[in-house]
Amino acid sequence: MANSTTVTEFLLMNFAERWQLRLLHSMLFLLIYLVTLLGNLLIVTVTTIDPKLNMPMYFFLRNLSVLDMCYVTVTVPNACVNSLTGNSAISVAGCAAQVFLVIYFAYVELVFLTIMARDRYVAICQPLHYPVVMNYHCCVQMTLASLLSGLVYAGVHTGQTFQLTFCQSNVIHQFFCDVPSLLRLSCSDTSSNFLLILFSAIVVIGGCLIFITMSYIHIFSTVLKFPIREQGKVFSTCVPHILVVSVFLSSILSVYLKPSVNSETIQDMILPVFYTIVPPFLNPIIYSLRNTQVKEAMKKVILRNFYSGK
């Protein structure tokens, strides 16, 4: 069906009306954005140049960091510019691109987190089979499959959304274009869109959640047989990963499975922050501070640059 939208642009919302508050919001978002970029770039650097980190776990961590830098760039810079300038207009094509990219990066992020849970499962529960099961070619194939399937997944959701007619309003009650907000603006029948979202939640999110849960059940049952000191090391790396997955999935489900209502609140704008900004911000902190090898590699890189600068 051809796109029969009756609007040429959408208007995004700011977190506040007063310029002083918009400035504060922009500075906060900009700080988070820069810290996110710096942290993820540092992880990409150390996992690339340090030969000791040439393992599947750090291969996926490097991919996750690259993904997170792209993911956070889709929404945060545009939100900062909109708050500072007061010009929150975005074209239909720009909105469609933003919807596609947000869905794409969120999907790949979830799949990467699922693969990383499997990596930990094989490393802890089947250590002798680890080099065979998680070999380099297998890691590359899983990465490519995640990236390519994400294109299809995001394309289907974006296409299904922008075949609708938008005639009620062009004001999106969100700081970026997202599917739930657009569905509330449509005057077309959106039942098929909600069925697609529900189907995706059950198959994709539900499948990944079950896989991650089963992996950690096996991991924890195996770890309980380890000495107390070894248990602490494993739990210190697994629990933060579970925390990130929990925040990521719970916020997505809260936004996308929320009943469609006309009244919007500030909570509707804050919830998406927990799946678009928080995971990319937390991932470098979690996987660097909780990992001795990564911390040592970071120290080497920082010291090397410090002394080379002299």
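Just so you know, glycine gets a Cβ as well, placed from its N, Cα and C.
Bear in mind that the values here come from a model prediction, so they are computed numbers and not experimental data.
Look at TrEMBL and you will find 39-287 tagged as domain 'G-protein coupled receptors family 1 profile'.
The transmembrane segment annotation in TrEMBL covers 23-47 (among others).
Listed as Cβ neighbours of the transmembrane segment (89-115) (distance under 8 Å, sequence separation of 6 or more from its ends, same chain) are residues 3, 5, 7-12, 60, 63-64, 67-68, 70-71, 74-75, 78, 142, 146-147, 149-151, 153-155, 157-158, 161-162, 172, 176-179, 182, 204-205, 208, 211-212, 241, 244-245, 248-249, 252, 275-276, 279. TrEMBL lists 89-115 (among others) with the feature transmembrane segment.
According to TrEMBL, the feature transmembrane segment maps to 136-156 (among others).
According to TrEMBL, the feature transmembrane segment maps to 194-217 (among others).
Taken from TrEMBL, the feature transmembrane segment applies to 238-257 (among others).
According to TrEMBL, the transmembrane segment annotation covers 269-289 (among others).
When each of the listed stretches 23-47, 194-217, 269-289 is scored by C-beta pairs under 8 angstroms to the transmembrane segment (136-156), 194-217 comes out highest. Mean model confidence of the domain 'G-protein coupled receptors family 1 profile' (39-287) amounts to 88 (pLDDT, 0 to 100 scale).
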